[in-house]
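J.: Got these off TrEMBL a minute ago, pasting:
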DOMAIN    8-231  domain 'Lipid-binding serum glycoprotein N-terminal'
DISULFID  C134-C173  disulfide bond
DOMAIN    246-449  domain 'Lipid-binding serum glycoprotein C-terminal'
Amino acid sequence: TNPGFVVRITQAGLDYAHQQGIAMLEKKLAQLKLPDISGDSRVGRVGKVHYELYRLRLRDFHLPYSRITPISNVGLQVSISNAFAELDGDWRVKFLFVRDHGSFDLKVENVYIKISLRLGSDATGKPTISTSDCSTRISKVRVLFSGKFGWLYNLFHSVIESRFRKILEDKVCDIVDNSVHNELQTYVQTLPVTARINAKTGIDYSLVAPPRATAQSLDADLKGEFYSLAHRSTVPFSPLPLAFPSDHDRMVYFGASSYFFNTAGIAYHEAGALVFEITEDMIPKDTGFRLETSTFSAFIPKLEEMYPNMPMKFRLSAPTAPFLTIGPGGISLKPIVDAQAYAILPDASLAPLFLLSLVRNVSAVINVRSGRIVGSLDVGRIRLSVKDSAVGTFEVRTMQSLMNILTSSTLLPRLNAQLDEGFPLPLLDRIQLSNILVRFHQNFLLLGADVHFQPQ
């Protein structure tokens, strides 16, 4: 099935993530613990040199040149070149009657590391990352001994350098494996696969397939489906394919399909969240009318006769979930709203008066703020029709302006207040978005952003 929501990390985004990862790996490598080294080196027929190197201290490990490359259908490859390290320690040696000790410096140069990362997803739909391959090659190791017997150090010099090379080559990949498993894998698991919006609804952001590497980006296909917390039902339509544009200016792009937004309508409808009541105290004073039967009796003659000077109340509800369309011009929908009018009797009980059907054109403005999709609605004129009446027949056209003012002054601000709270985007921990781009395409909304990672 097609995803309802797509996240694309471009090469610029991968480069930024790679910078953060390399800085972390550099710190890990600088904490590398090296074992004491001892052994014997035979010198012709004369005898053996016994050496010991101990209290080894790694001063630093630098990874100055590296790059990350997405490999189609494989994953990510990290290549590190010209890395170097410096360490020091103490030594002692025995050869025949000679005993000596001192300190040494060791320089490791031209270190090449190649790391292949495999991307996947687990049973809950969270992303996974692991090392599928790691190799380290060190082409230059130089040991500088302090001491007065230069000829003696030359007897075991090359043995020490080759042993250090082997130890470091093994240790570097051990640290890479450990960092990917303990740091990177733990971090990518912070992607929220479900996001609670309020007490009634949530969003399912689980991966529907493992992340997919292409020549220029890393794409993650997410379910992108709203659901009612009380009752999750099958969505009666499927997501359409998202034809992502080849725009790669931002670090990350989010494609939110019309399916994503339309499942929101279903979830809110099922959760009973699309029911609103309008009472007198909600109407702004400057609208110039009161919500009572005397106001409406000018349009409905029997109203004053049956319920004179009584307060009124409207209950607005959607008989079906609203359905929107997304195109290059933006988001538009034509929701149908039932407006049931009541008279509030002296004993506070409600007498049903009439039921209207309201249809109006609505367009939406979308933005991103603090990692959330936020929006506001702009509405056109209402078209009214009478569905039922307990107060006789009346001409609905004459009430058009009144209902327009009533819904625009009360319902619209409430809806916009909810939309201003927004829906969370699927973001890893400690990620902030900036330089936001909003574009509309056929069947989906495209959001672009640059990323800032906030270290702990």
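Note that Cβ sites are derived from N, Cα and C of the backbone, with glycine treated the same way.
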J.: Check each residue in the chain of C134 (disulfide bond) that is at least six apart in sequence and keep those whose C-beta is under 8 Å from its C-beta; list them in sequence order.
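T.: Long-range Cβ contacts: I113, K114, I115, S116, C173, V176, D177.
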J.: I'd like the number of other C-beta atoms within 10 A of the C-beta of C173 (disulfide bond), please.
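T.: Other Cβ atoms found within 10 Å: 18.
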J.: On the 0 to 100 pLDDT scale, where does the domain 'Lipid-binding serum glycoprotein C-terminal' (246-449) sit on average?
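T.: Mean pLDDT for the domain 'Lipid-binding serum glycoprotein C-terminal' (246-449): 93.
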